[in-house]
Amino acid sequence: NSNVENLPPHVLRLVYKEVSALAADPPEGIKIYPSEEDITELHTSIEGPEGTPFAGGIFRMRLVLGKDFPAVPPKGYFLTKIFHPNVGHKGEICVNVLKRDWKAELGLRHVLLTIKCLLIHPNPESALNEEAGRLLLEDYAEYESRARLLTEIHALGASGAPQDPNDGPQPKKHAGDPTKRAGDPTKRAGPSAAAVPAKADKKRALRRL
């Protein structure tokens, strides 16, 4: 639920200012997708750092600012499935900056950079995923294999942008976009109609390869 109505105006102004600065000048490897409707839920994506099992992946994440922010740290969640000691099965993130090490003056940029560093240096001592924490300590090759497999399945080729139209701003479809029209695609008006069967034949041919 949105906490916009629960936060005092001066806090909302500070959050809006910081989120605007992050969107204009994000940390390296991180993108910000602010929502005009709800500034208290910040969607982001983090590039998997090179030299880790997450390299090449794009990991969607969100930060939720509670009604007591900034006295209380935001809560962080991975939306992209990831095999990591400090990420729970529901995507919840365990990192000290979001718990006992939090200070109101740290800001959201520091939180995002800390979570990115967590992908490079996992902390098995505060594991939410006990299996990942155990493998990291006892069988790194297996840990790396599992983490890379989930990266390949869930994070490769992802854009990182919110998938739900309510999650953030989305590119608008042109009013004349034929993909939005109902009915038989071969009956569309205009020169594109003849090209539709050819495209379908091409897709069927590719499937036979």
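Each residue, glycine too, has its Cβ placed from N, Cα and C.
Unlike curated entries, TrEMBL annotations are predicted automatically.
Features as listed in TrEMBL:
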DOMAIN    10-156  domain 'UBC core'
ACT_SITE  C94  active site, glycyl thioester intermediate
REGION    158-209  region 'Disordered'
COMPBIAS  174-187  compositional bias 'Basic and acidic residues'
COMPBIAS  188-198  compositional bias 'Low complexity'
My understanding is the cutoff is Cβ-Cβ under 8 Å with a sequence separation of 6 or more in the same chain; which residues meet that for the residue listed as 'active site, glycyl thioester intermediate'?
N86, V87, G88, S126, A127, L128
Overall pLDDT of the domain 'UBC core' (10-156), taken as the mean:
94
What are the DSSP helix/strand/coil residue counts across the domain 'UBC core' (10-156)?
59 helix, 25 strand, 63 coil
